[in-house]
Amino acid sequence: MNKQNSYYRVIDLPAGELHVYAHDDLFYAMGNKVLEMANNNLQIPGIRHMSYTPDAHVGVGTCIGTTAVWGTEDGYISPSIVGSDIGCGMRMHLTNLQGSDLKDVRLRRRLVKAIEKRIPVENHARGYFSDIWLEDVLRKGLHGLPGKYVPDSYTPRKATSLTHVENSRFSFRETELDRIPENLYHRAHRQLGTLGNGNHFIEIQEIAIEENKRDLAGQWGLKDGQIAVMIHSGSRSWGGAVNQYGGSQVAKTMSKLGLGTADPKLAFAPLQSDAGQSYANLMYSALNYAVVNRHLMAYAVRDAFKEVMGSKTELTTLYDLMHNYCSEETHGGEELLIHHKGTTRALPAGHSGNPAPYRETGHPALIPGSMGTASYLMVGVPEGAANYHSICHGAGRVRSRNATKQLVTVDEFASSMRIGQEDEIVLNTRALEALVDESPQAYKDVDQIIDSVVQARLADVVAKCRPLAAVKGV
DNA sequence: ATGTCC
C-alpha cells in the first residue's frame, strides 16, 4: 500500500505531506500555485491528511479537488476549504425510457422547454415554491417538505427518494440561524428550486454500462441505453450567507488565538471553539438547503417528462450526494472531520457508511463531465480507504472564464455541441455566447481524470452517461 | 458560485 507510482505520489512540502492522486501528465500540468496553496493549508494545526484528486485546480484559499482531514477532538474546521457553494453536489434519476425514445431532436427540444418552464435558470430567478417554509427546509432537510413534494414512499422497501440520498437531514443548533440577516433569508426562500449558473446543469443522458460491471449496474437498477437525468446544483445564496456570517466569526477567533498562514483568505478555527461550532452548525443548514434544492428541481423535471413523454414516465431516484462540505465520520475506529472541496465520497461494497439500499453494493458516486462530454457513475474500492474514500468531482477547470472566451469562438462551441446536426446536444438557450466560458475547452479531459482515479485505485467505473440535452443557467 | 457595485 501507499506505493508511489505514475498515478500516485507523496509531495514533501515544507509544512507537511501532500498526497496527489493523478497521472504524471496531469500532475505536471497543475502548476506551482496549487502546491503553494497546499503548503498554506498544511499549516493549519493538527492536519492528519491532505490530498489532491487529478481535477485539482486553484480556488479561493484552497484548491478545488482537496480532501483534508482532522480529528474531531483536537482538529480544525475551515470555511475556506468548504467554500461558499456549500452542499453543491449531484443528483441522478432513472427513467423507464430508452435512448431510441429521444432520437427525434424535436422531442429533446420539447423536453428542454418543458424543464425551463418549471425551473428558472436566469439571473435573479425566483422559484415557484412559496408554499414551502424555508425554516422547515433548513431545519429538517427533505423531511421538512410538504408531502406532495415527496412523491416516493418513506418506507425503506418502496422508497426511491429519501433512502437514496446520502444525507436527507442534518441536525444542528437552530439558534445559530439568528446570525443571518433577514433579507438574506428571504432571498434564499425565493431561490428554492432554481438552478444557478456557472457549471451547474440539468442534463438528459443515455447510460452505457461498463462490460465488467453489469451485475452491479443491474443491482442499482441501471439498464444499457436507459435515459437518465443528472442535476448539478447547490445551496444558491444561502451557502454564501453562511460562508460570510459563519466565516466572520471564525476570522475573529483566528486573530484572538493568533492563528494564520501566508494566505489571509484561508480561514479556520478549532472545531470545538464557539466559532467552529457556530460555523459547523450553520453549514449543516446549507447542506439541508442544497439537497432540498436538487430534490425540488428533480420534482419539476419529473413533471416536465410526464407532460412531454406521457404520464406513465417514471423518474426514480438513483442517488444524491455532495462534493463541497465537511462531515464527522468514523474511519478505522477514529472520529474524524473530513473536508471535501470539490471531492466526492465513494464508499466500497460492504462499508457501513453506505445508506441501507447500497450497503452491500457500495453507493453510486456521481461524477459530472463538462458540458457536451460524458458524465460517470463510479463505485468505491477498498483500497480507496487510503484517501478516506474521497475521489474526484469532475473534469476540473483548465482555463479561466475570460481566457476561454478569448480562445473559443461561438462557432467552435456550437460545433462541439453538434448544433444543427441530428445528434445535437440540445441547449436551453440559443444565446450560445453566454455559455462559451463553459465550453469543453475550459475543462480538463474528464476521461483522463476518470482513468487516473481508476488507475490510482480509488474507484471503478460502472457506467458512462452521454449527454443528449442540457439545461444551463444563463 | 453568487450578488453587488462600479
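Backbone N, Cα and C atoms are what each Cβ position is placed from, and that goes for glycine too.
Marked as Mn(2+) 1 binding site by TrEMBL: A:Asp85, A:His200. The GMP binding site annotation in TrEMBL covers A:199-203, A:323-324, A:368-371, A:Ser375, A:393-396, A:Lys472. The Mn(2+) 2 binding site feature in TrEMBL is assigned to A:His232, A:His323. What TrEMBL lists as active site, GMP-histidine intermediate is A:His393.
Listed in sequence order, the binding-site residues from A:Asn199, A:Ile202, A:His393, A:Gly396 having a Cα within 10 Å of the Cα of A:His323 (Mn(2+) 2 binding site) are A:His393.
Checking Cα-Cα distances from A:His200 (Mn(2+) 1 binding site) against the binding-site residues (A:Asn324, A:His393, A:Gly396) with a 10 Å cut-off leaves nothing; none qualify. The binding-site residues in question are A:Asn199, A:Ser370, and the one with the fewest Cβ neighbours inside 10 Å is A:Asn199. Around the Cβ of A:His232 (Mn(2+) 2 binding site), the number of neighbouring Cβ atoms within 10 Å comes to 24. A strand conformation is recorded for A:Asn324 (GMP binding site) in the three-state DSSP classification. If you draw a 10 Å sphere around the CB of A:His200 (Mn(2+) 1 binding site), it holds 22 other CB atoms from the protein chains shown. A:Asp85 (Mn(2+) 1 binding site) has A:Asn324 as its nearest neighbour among the binding-site residues A:Asn199, A:Ile202, A:Asn324, A:Ser370, A:His393, going by CA to CA distance.
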